[in-house]
Amino acid sequence: MFSGVVMAWQKAQGCLKESLSKDVYSLWIAPLESVRQENGVVSLAGPDRYFIAFVKQNYLKEIERSLTGVDSSITDVRFLEKKAVPQLRSMMHRTSTSAPTFPVPSVSSASTASTASTASSASSVPRQLRLPSVPKNNASIRALHPRYTFDEFMVGQSNILAESACRAISADADTVGPCLYINSGTGLGKSHLTHAVAHHLLSNSPMTRMHYVTAQQFSAEMVHGIKNNSMDMFKKKYQEDCDILLVEDIHTLKGKKKTQEELNEVLDTLVKSGKRVLLTANAAPRELAGIDGEFRSRMSAGLITSIQAPDIKTRSRIVERKAAGQRLSFDEDMTSYLAQNVRGDVRQIESAITAIGARARLMGGYIDMNLIREVVGSVVGCNQSLSSSLIRDLISAQFQVSVEDLQSRSRKKSISLPRQIAMYLSRKFTEESLAEIGRTYKRDHSTVIHSVKVITDKARRDMSLGAQVNLLSDKVKQI
């Protein structure tokens, strides 16, 4: 009996692997285990009831279609938690004909909480785990990284407000209001926190109607709705069938006026209805280029918080966590050296540790300070003696612009561009805060943020400027 259902499920999984994305398959299909097939009913076991509720809500039709496609005798699919599997298998090997009992939630209505009860099964097939009816809301949820949870997020002074706000909005607390906007550079935790909110809701409030998309996905879905004359369905999905909306990378909507108008309408409707909204971008609303004024105003109406690069204490904890995850053993001096010298984003820290692990394995598994210094020098290239004033002096010499001019209010391109490059390099290669870098040039922190964004964008579009910035980066590493 087990071999038959296992074979059918394996074939069905092969079909699902072809029809679903790799992430969706690995996160939501692969964990399901086939445990029984009898009288046309296949029983699949999932990790817990929240997982099962999400699978039933989003992928039940695909699962049923794939199973009936490989075995026409299959007429129904039922689910149970994996913790009930040993009991089921034990029961199946007994000679007793007495009907087994399984705990199932008692459901009085969709609006009342379920309570555990013990019910006798009328047949040898365990009753399907029942939950309060999950609304069929056509949820849009990006594939979630399994480790991007609140428990795995390393909290420090640079991100504590953003983390607290995300916990509050996921718990539907009134402390942050209905709309939360998070901005930061790449690799500092925006996506991690957004995934964490989604994970929390799936685990604790599986009936919450949640849509989690990137701004580009929202735009593509809107265009599809326009082309297929289905905008009514699109509007209903996001304005009516939604309790919380998560949208990443708002800055990618630059110049997309129609999408901005549509998303602004969605935000307005949701906020007025008391629903929750979480937006992320690489800059604060007022600093986003190519964004409509009304849309900018709507995004600015709630709590706005930024995530800065982690401080040395947080970096030390990140090093310890990432090293443990790769089964590497660092002593206190090694951890301290990495935390002091790898000053970029979390991805940069992880990259350095991965490189250390790879080189150690190639060299027989031995890790010492010489190896760590070599990796930091080649992969990261940071120098703890660097300061924004040293970089300012280097830029002054390279562009033949006086320090006084770099600190002046002049907007001449011959002065403003070197100043912006200097701020960009200071942010990249030093541990100084935005305010400290700003003081070096007699500016405030917002000017530094703007300069970093300008150089990042220009260097990506202008190959000549990109090469110049890379050359200057090499010179900074040699200071």
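Backbone N, Cα and C define each Cβ position, glycine as well.
These features come from Swiss-Prot:
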| type | residues | note |
| --- | --- | --- |
| BINDING | GLY187, GLY189, LYS190, SER191 | ATP binding site |
| REGION | 74-142 | region 'Domain II' |
| REGION | 143-360 | region 'Domain III, AAA+ region' |
| REGION | 361-479 | region 'Domain IV, binds dsDNA' |
Key: Cβ-Cβ distance under 8 Å to LYS190 (ATP binding site), same chain, at least six residues away   = ILE182, ASN183, SER184, GLU248, THR280, ILE307
Inquiry  = Counting only residues 6+ away in sequence within the same chain, which have a CB under 8 Å from the CB of SER191 (ATP binding site)?
reply    = HIS145, TYR148, GLU248, THR280
Ask   = Which is it, of GLY187, GLY189: the one of these binding-site residues whose Cβ has the most other Cβ atoms within 10 Å?
value = GLY189
Query = According to DSSP, how is the region 'Domain IV, binds dsDNA' (361-479) divided among helix, strand and coil residues?
reply = 86 helix, 0 strand, 33 coil
Residues flanking the ATP site, with Cβ no more than 8 Å from the Cβ centroid of GLY187, GLY189, LYS190, SER191 and excluding those residues themselves = SER184, THR186, LEU188, HIS192, LEU193, THR280, ILE307, ASP345, VAL346
Assigned element (helix, strand, coil) containing LYS190 (ATP binding site), judged by DSSP = helix
